[in-house]
Each structure stands twice: as structure tokens, then as C-alpha cells.
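Annotated in TrEMBL:
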- 138: active site (ACT_SITE)
- 292: active site (ACT_SITE)
- 322: active site (ACT_SITE)
- 60-206: domain 'Alpha/beta hydrolase fold-3' (DOMAIN)
- 248-325: domain 'Alpha/beta hydrolase fold-3' (DOMAIN)
């Protein structure tokens, strides 16, 4: 539909996609106090349980998914209300700037600045400074991982209690991992779209998408350097049963690399952070879905965290697909896997 409209010149695919995903305005929630604010000039929506609390609550900073291109506070209203109510937490949902209008690092900087502002003003929200969690799904999981890494070195702020990464996208070096082949045509995220979104976020356009998909955008020496972290060898065999194509080697194209070399920055691709950083990360929760091109990003990061002594709770939805969490209760449709995934997050929060 978006393509048809774009061809007729009515609107771009992205504008159409944003319209479709904008979410419906929900009524008042009797259990929550909800307000729209600005944290360091970044729009946020704060959800606070109305019930009297014995002590200070945990705080969750939530970054929404949507490929850095789509998504809004309204799109994730149901998810954030659910997390706040069910885990009795204060939730801050962050409206970071979207690509292609705002390229990397705009979204990352907004998420970081909103998080720092919240931590510096935590007493206003009745939140325990020792119990702040960053959380996000898909592109939001990417942003949560990047913010978490950045904050490891900050001695002036309380240490994050945990990070929750829901089917995160964590690297753009290799679009040929097993999950990319097995699920390349599975909705809601096709293999091509994953590269399209990463390029929109990085450059504000998706030129060179084909070269990036084929892998000719990364120099051989760098590919070798990162192979210890980004490689099918690090993925358990049971995830390769559904057929994996060996990657035919493609020629490196230097001018493509010039346009995408920031893909090697950990703030954009957190899977590439050095061990010294990964080693300091807080306790982590990673949710992966079997039918998701990004499944292996989550599995590779899980291994990196565990190899560095970080405690990881991993929840795998055997029947899950990318985006299922936000569809747990969507316009009358309900996906039980989405509800199970969301409840696994709530259970993890309650265990902290």
C-alpha cells in the first residue's frame, strides 16, 4: 500500500507507515497517573501507579521500536501502561527523534539525555536510584543497549539495575546470519527492511542497500576482527536446523564502506563494544523470537554478556515473530505469544 501511494506521489512509504502505526488514543487508566513532560528537551510520557507504595518504586525507561523510523508514545501506550500496572513501576516512555529526518546519533542522544535527566531528578518520581532499568524492543532494544554501555563509565550517576532487550537489532555487519536467511520473508520484519531501516537511521537514505545485504560494505580485515563476536559459529546448532546458506564471498567495495563506516561504532551497533565495556554491563534480560531475522543478534549478545560474566535471563518465544510484543492486544487481535513475552518481562522486573 505504501509503495502504491508513493508511486502516485500522495505520500512517502514512511509517512504512510507512520500514519498506520500511530496508535489510538486511549481513555483514562484508573490505576495510573499519566503525564506528558520534557526531559532535557526530549518529549516523554511518565506512567506512575496511583496506589500508595511502601517504599520507592523501580523506574523503567522505555525506548520504543519501529526501525528508528516509526513509532511514538501513542504506539506504545498499551505496552507501557501494562508494564507500569503489572510490575508496579514508574515507566518513562521516550519520544526520540526519528530517521530519516534525524540521522544517527539523534535517537541515541535523545535516549541518553532523557535517561540522564531522569536519574538526576529521580526523587520527584518516587523512584529508587538503585533500581532503574532501561528497556526497549527492536530499534528500542538497540538504543537501550547503547545507552546501557555508555552509562557503564559514569561515576556521577547511579548504576543501572538492569537492561531489558526485546528482540534487539545490535549489528549491521552481517545480514546473512542464519536467522536472516531462515526468516527473510517472515512478517513483520523482512531481511531487506532490516537493512533499509539501519541505513535510514545511519544516512537518512537507503542507497547501497544491496551491497550492504551482500556484505560488501565491510573491509576484510574488519570482518576478521569482528568475527569473534559476529559469526554463525557462536550460534547454538539447534538454531541452524532450519537450513543455512553458506555466505558466498563478495568483493569489498571501498566507496560503500565510506558511506557506512559508522556501522562499526558501538553506539550504533552495540554488539561491537569492547569486552572492557561489556564486562561492566548490568544484569540483562534478552527476549528472542524464533521467526525473526534479528533472533541471532540477540543470541550473539547473550553469549557476549555471559562470556563477560554478566548475568543474563534469556526468554525465547518458539512461536514468536518480530514485533509480537506490541501486538499482544491490537485492535481486537491478540497474539498469545505477545502476552507471554510481555509477562516474561514483568516477571523479570519483579525478580529484581
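Positions of Cβ are set from backbone N, Cα and C atoms, glycine also.
Values in this document were obtained by computation on a predicted structure and should not be read as measured data.
Less than 8 angstroms from the CB of residue 322 (active site) sit 138, 167, 183, 186, 187, 188, 189, 289, 291, 292, 293, 294, each of them six or more residues away in the same chain. Residue counts for the domain 'Alpha/beta hydrolase fold-3' (60-206) under DSSP (helix as H, G, I; strand as E, B; rest coil) come to 61 helix, 25 strand, 61 coil.
If you average pLDDT over the domain 'Alpha/beta hydrolase fold-3' (248-325) in this model, you get 96. Cβ neighbour counts within 10 Å, taken over all protein chains shown, single out 138 as the most crowded of the active-site residues 138, 292.
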